[in-house]
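Now, the feature entries from TrEMBL:
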{"type": "DOMAIN", "residues": "4-237", "note": "domain 'DUF7702'"}
{"type": "TRANSMEM", "residues": "6-29", "note": "transmembrane segment"}
{"type": "TRANSMEM", "residues": "41-62", "note": "transmembrane segment"}
{"type": "TRANSMEM", "residues": "68-86", "note": "transmembrane segment"}
{"type": "TRANSMEM", "residues": "106-124", "note": "transmembrane segment"}
{"type": "TRANSMEM", "residues": "144-165", "note": "transmembrane segment"}
{"type": "TRANSMEM", "residues": "177-197", "note": "transmembrane segment"}
{"type": "TRANSMEM", "residues": "224-244", "note": "transmembrane segment"}
{"type": "REGION", "residues": "251-271", "note": "region 'Disordered'"}
{"type": "COMPBIAS", "residues": "251-265", "note": "compositional bias 'Basic and acidic residues'"}
Amino acid sequence: MGTISYATGIAILQFIVYPFIFAASIFVWKRAGWRVGSKIWRYPAVLSLLRIAGSISTFIAIDHNSHQVQIAIAVCQLIGIAPLVLTYVGMLRQIDYEQRMPPRRLALVTLVAIIGLILAIAGVSTAKTSAGETYKPGTMVKVAMAIFLVVFALTMLLSVWLFFALSSSLLRYQKKLFLAIALSAPFVLVRMIYSALSDYTTIQAFELGANETVYLCMCVLEEIAASTIIIGLGVSAVLQPDFVKLDPAKMKERDQDQQHPDEGKPLSAQDYNTAYNGANAAYDPAYHGSQSTAYNPTYPGVPQNTAYDPVYNGAPAPAYHGAQNV
């Protein structure tokens, strides 16, 4: 039997903690709704499964170490940032039930983060390392890390903007989720700094497996702290009486309203008059010239009685009355 190393002790810690985080993630996901909640709370669950799988791979490596096992350990260790960043995007969706932020932009941010995740997995899986050789990040991994840094910064800016936009009407559950973002962000930032130094520098302490103490303090504990804060306050948020469960149909309807903001709204007085006159002009082209003139061409310049009786103005009154009597 192989010896239990420092790395194995870290794996044991993760194997103990993350099943609880996974169970809490499933609880919050269920309370938020399986369909809508999948865009928000599945990411902490995915992170938990990654850490559990990484721990199991580390246990396997004690007696049956191989290149494939080391690749599995590396993948599980290096792609933890993506679920954390996507969790922030999901929490903004949950907070912004009125859709102050355009949903398509949040969807675009999510798509970019998922692309980064795919690049990270592909980069780590195809890394060419021989037995005993230190893992070196390739181009795809570095690009993925740059994407995660940009998405994290953008998510923090959106969080600040949304907080001030809703500050006068915040519900209790929204305050809980904003607090989760604010308290967990410093831990995630340290975690990202660790990965950035590992990917973009040649400092030996930040190489994969080179310094387990640095890895524990700047990566493992940071993720555990951030995940615990997010899920703990997430559970508290979904248990609040004012918690708003998102409705997919209403979200889609609001998205269409933002694409066509004037559709279905009542006309203003000016727009109503314009539409009314335009309709009359289309029905009767002579309407805008003079409705009365169109009805009676002689009306503007000739008295109405003359148009009705041509001899009225030409004949003296007696003659007219005589003619009338006759």
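Cβ coordinates come from backbone N, Cα and C, glycine included.
Just so you know, TrEMBL annotations never went through curation; they're auto-generated.
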Exercise. Out of 144-165, 177-197, 224-244, which stretch touches the transmembrane segment (106-124) the most, going by CB pairs under 8 Å?
Worked result: 144-165
Exercise. Do any residues of this chain, six or more beyond the ends of the transmembrane segment (224-244), have a C-beta under 8 angstroms from a C-beta of it, and if so which?
Worked result: 13-14, 17-18, 21, 24-25, 27-28, 31-32, 41, 44, 47-48, 84, 87, 91, 94, 97, 171-174, 176-177, 179-180, 183-184, 187-188, 191
Problem set entry | Stretch among 6-29, 41-62, 68-86 sharing the most Cβ pairs under 8 Å with the transmembrane segment (177-197) | 68-86
For this session: Residue list, the transmembrane segment (6-29) vs rest of chain: Cβ under 8 Å, 6 or more residues beyond ends.
Result: 37-38, 40-42, 44-45, 47-49, 51-52, 54-56, 58-59, 62, 209, 212-213, 215-216, 220, 224, 227-228, 231-232, 234-235, 237-238
